[in-house]
Amino acid sequence: MTKTLPKDFIFGGATAAYQAEGATHTDGKGPVAWDKYLEDNYWYTAEPASDFYNRYPVDLKLAEEYGVNGIRISIAWSRIFPTGYGQVNAKGVEFYHNLFAECHKRHVEPFVTLHHFDTPEALHSNGDFLNRENIEHFVDYAAFCFEEFPEVNYWTTFNEIGPIGDGQYLVGKFPPGIQYDLAKVFQSHHNMMVSHARAVKLYKEKGYKGEIGVVHALPTKYPLDPENPADVRAAELEDIIHNKFILDATYLGRYSAETMEGVNHILLVNGGSLDLREEDFTALEAAKDLNDFLGINYYMSDWMEAFDGETEIIHNGKGEKGSSKYQIKGVGRRVAPDYVPRTDWDWIIYPQGLYDQIMRVKKDYPNYKKIYITENGLGYKDEFVDNTVYDDGRIDYVKQHLEVLSDAIADGANVKGYFIWSLMDVFSWSNGYEKRYGLFYVDFETQERYPKKSAHWYKKVAETQIID
């Protein structure tokens, strides 16, 4: 049976400032930690990325032409405050006013994120969100943006608090490149959630007309053997690290006893302690019912088995299938069942995980209000022929995920939109330019855009709401 989506459903495309804009030092923009980190550690940089800084009118015209009625955009904090606070960069402010005006002109609703992996270097080198001073700087930055950009109707505080902590302090593929420090992972998550809560409360107290929420990456975790209590425990602990800790902070305003038992076990095995203060929980409690929406970024699920050896994580950055490894002492090891397909980057394709995660939020956090799927898509080594890409694999991937959204809505979940990652091809943090996700192919040499087969398919779905 052909499935459908609601008439008012948003069919969006997602971008991020650092991955799309280029112009990393243009018009007064301050440095971010990624600038030097990429130069020192990788074979690529974020120059010029997709040159969105100059070519956004082209991308928004394409969005309008192809039925994309929402766009995720992030503001580069260091374009507004080059050092993270203090002096405002007028040219950066002007750029975003112009960008948002173009969105509205093209009838593409901007969903605007304040922080998408790109803390200004001056604050990042001072501890990033492990340093509580930077909570204050973030709230001040948020307050400035809320007041300066009344044309924005949908705000997101952070994109993927979980992967920021993981990338910086667990996997070590984000600056500062620290590995296996789980105390820092949890502390980063916590301090960013406090920052989120304070920004949300401020937004509501000021009476702004728009909506505000947060975007969490929520990869669903399953036990490899559901009959084996040790595998079940491994999946629960892995879920606490990546999902439950931040969801509790968002919607409970505290960490449940079950969550803290898991956190304490992980820290007992791996070392470290947390600084959780009374005023933090006052802030979390005050904001728990103020979130207008939850953004869920979903790409994959993981299966866990019990594991007691030493921690080792190997990141597959070049698309060499089977080269990744993930095992955490006292938590578990990721082992995918044979029956689930995976991408060249070892990302497991499992749409059921998106359905299960949505229904989990609905059940465990009934104060969630509504959900947008703020990122979902397939990273591919696209083959450019005949001025297009015949990306049937991407179409199939998105179709399967839209179908489970239709199921979730039918089963009572309030899901209001879907943003494909990504609108056009962009630069990928730890994979460079080989891994493409866009509806529109970008020739990074010429910066020309070409609609892929998926763009034509997505347009039809957006126009008819029929998933075919």
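Don't overthink the numbers, they just go from 1 along the chain as shown.
Cβ coordinates are placed from backbone N, Cα and C, and glycine is handled just like the others.
Summarising the annotation, Swiss-Prot assigns D-galactose 6-phosphate binding site to Gln19, His116, Asn159, Glu160, Asn297, Ser428, Trp429, Lys435, Tyr437 and lists sequence analysis as the type of evidence. The active site, proton donor feature in Swiss-Prot is assigned to Glu160; the stated evidence is sequence analysis. Sequence annotations record features per position, and here Swiss-Prot assigns active site, nucleophile to Glu375.
Here the features listed in Swiss-Prot are placed on the structure.
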residue	record	DSSP (3 states)
Gln19	D-galactose 6-phosphate binding site	helix
Asn159	D-galactose 6-phosphate binding site	strand
Asn297	D-galactose 6-phosphate binding site	strand
Glu375	active site, nucleophile	strand
Trp429	D-galactose 6-phosphate binding site	coil
Tyr437	D-galactose 6-phosphate binding site	coil
**Fill in**
Expressed in Å to no decimal places, the gap between the Cα atoms of the residue listed as 'active site, proton donor' and Asn297 (D-galactose 6-phosphate binding site) is 8
**Asked** Among the binding-site residues listed here, Trp429, Tyr437, which has the most company in the form of other Cβ atoms within 10 Å of its Cβ?
**Response** Tyr437
**Residue pair Gln19 (D-galactose 6-phosphate binding site), the residue listed as 'active site, nucleophile' - Cα distance, angstrom, rounded** = 14
**Prompt:** Name the residues of the same chain, 6+ apart in sequence, whose Cβ is under 8 Å from the Cβ of Glu375 (active site, nucleophile)?
**Reply:** Ala14, Arg72, Val215, Ala217, Gly295, Asn297, Tyr298, Tyr299, Phe419, Trp421
**Asked** Gln19 (D-galactose 6-phosphate binding site) has how many other Cβ neighbours within 10 Å of its own Cβ?
**Response** 25
**Message:** Please give me the CB contact count at 10 A for the residue listed as 'active site, proton donor', counting all chains in the structure.
**Reply:** 25
